Amino acid sequence: MNPICIDKNEILKRYKPIDKHTHKGIQGHALLIGGSYGKMGAACISSKAALKTGCGLVTAFIPKCGYEIVQISIPEVMVLTDVQEKFISNITFDIVPQAIGIGPGIGQELATHKAFHELLKTNKVPLVIDADALNILSQNKSWLSLLLPKTILTPHPKELERLIGKWNSEEEKITKAISFSKNYHLVIVMKGAPTHIINGDIIYENSTGNAALATAGSGDVLTGMITSLLAQSYEPINAAIVGVYLHGLTADIALPETGYQSFIASDVIANIGKAYLSIENEA
Ligand SMILES: NC(=O)C1=CN([C@@H]2O[C@H](COP(=O)(O)OP(=O)(O)OC[C@H]3O[C@@H](n4cnc5c(N)ncnc54)[C@H](O)[C@@H]3O)[C@@H](O)[C@H]2O)[C@@H](O)CC1
Ligand SMILES: Nc1ncnc2c1ncn2[C@@H]1O[C@H](COP(=O)(O)OP(=O)(O)O)[C@@H](O)[C@H]1O
Ligand SMILES: [Mg+2]
């Protein structure tokens, strides 16, 4: 169990600089499916994070009650609404996204279970699954076989336990995560301090980030960032690695100004630019 350290060298091998002739139509369109009554913030921050990570277009699919919230808080994000007011019940869209992120703040209504199941049955697009979408998956493990190879799962430790069961040691946790990744051909981002990424037998350990990230919504932001990189044609494992590294780097960059306590998920988003610049300066 020798993890590969995700450091600047590993990032420079995977980082794609922007082509000066690119335009928003080829820079990737990310669809973020999130939010429910009282948790629209999760949809706002994950879709804003996707835009700030560089994809050309972002659409948020949300319950109706979030329409004005998202349009006013992030005017650059386009919005599609569900037929239901307070939760997601039927995911339909006429756009052609290059990547989909689902889960932040969606809750666990039965109708939302059904909508997620329908999406999994028909989806052909690279996918990131987080938060309540992971919890729904944990309650319906037979749906795991519907996931396309290299679908990215981003569980925190509790979500991971719901998916793979309890473990008695770090070693057992990694062994179980490797079997899970191999059985279903998934990329698992095991969030924590530090975050590990499992791709079959290969384990990566992130080198950025600090306890400032222990704050509401910082994982929702990560979902938006990874989805954005997927939409920009990063291979799933590279989207996971670069996303996790940049996410942690924002907290390392901001720490001298915010301290641990006052750093919030929006500060991750505010520092994505500086995190990119620090990679660019090494390239
Ligand atoms: N502003 C918003 O709208 C926010 C919405 N959120 C959404 O709220 C929903 C519930 O998410 P939660 O993650 O709070 O609920 P969960 O029930 O999945 O996780 C909370 C439990 O996991 C444990 N846990 C979390 N991180 C852990 C760690 N690193 N080590 C050990 N235990 C850990 C906690 O102690 C707690 O028992 C999700 O849909 C999420 O996206 C949250 O992200 C918070 C912000
Ligand atoms: N002490 C810590 N050190 C480094 N990173 C942390 C720490 N605590 C949390 N994080 C990171 O913050 C994020 C939290 O994600 P998550 O628990 O899903 O939050 P939320 O659901 O509120 O958005 C993960 O990327 C995790 O690795
Ligand atoms: Mg989370």
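Just so it is clear, glycine is given a Cβ too, placed from its N, Cα and C backbone atoms.
Annotations in TrEMBL come from automatic prediction, not curation.
Binding of AMP is annotated in TrEMBL for Lys191, Gly192, Ala193, Pro194, Thr195; the matching candidate from Gly165, Gly219 at the same site is Gly219. For the (6S)-NADPHX site, TrEMBL gives Ala42, Gly105, His156; the one candidate out of Asp7, Asp201, Asp220 that the record lists there too is Asp220. Residues distinguished by a CB atom under 6 angstroms from ligand 3 are absent from the binding-site residues Gly192, Pro194, Thr195. Using Gly192 (AMP binding site) as the reference Cα, a 10 A cut-off selects His156 from the binding-site residues Ala42, Gly105, His156, Asp220. Checked against Ala42 ((6S)-NADPHX binding site) by C-alpha proximity, the binding-site residues Lys191, Ala193, Pro194, Thr195, Gly219 yield Gly219 as the nearest. Within 10 Å of Gly105 ((6S)-NADPHX binding site), judged by CA to CA distance, lies none of the binding-site residues Lys191, Pro194, Gly219. If you take the Cα of Ala193 (AMP binding site) and the Cα of His156 ((6S)-NADPHX binding site), they are about 10 angstrom apart, rounded to a whole number. Between the C-alpha atoms of His156 ((6S)-NADPHX binding site) and Pro194 (AMP binding site), the distance comes to 11 Å.
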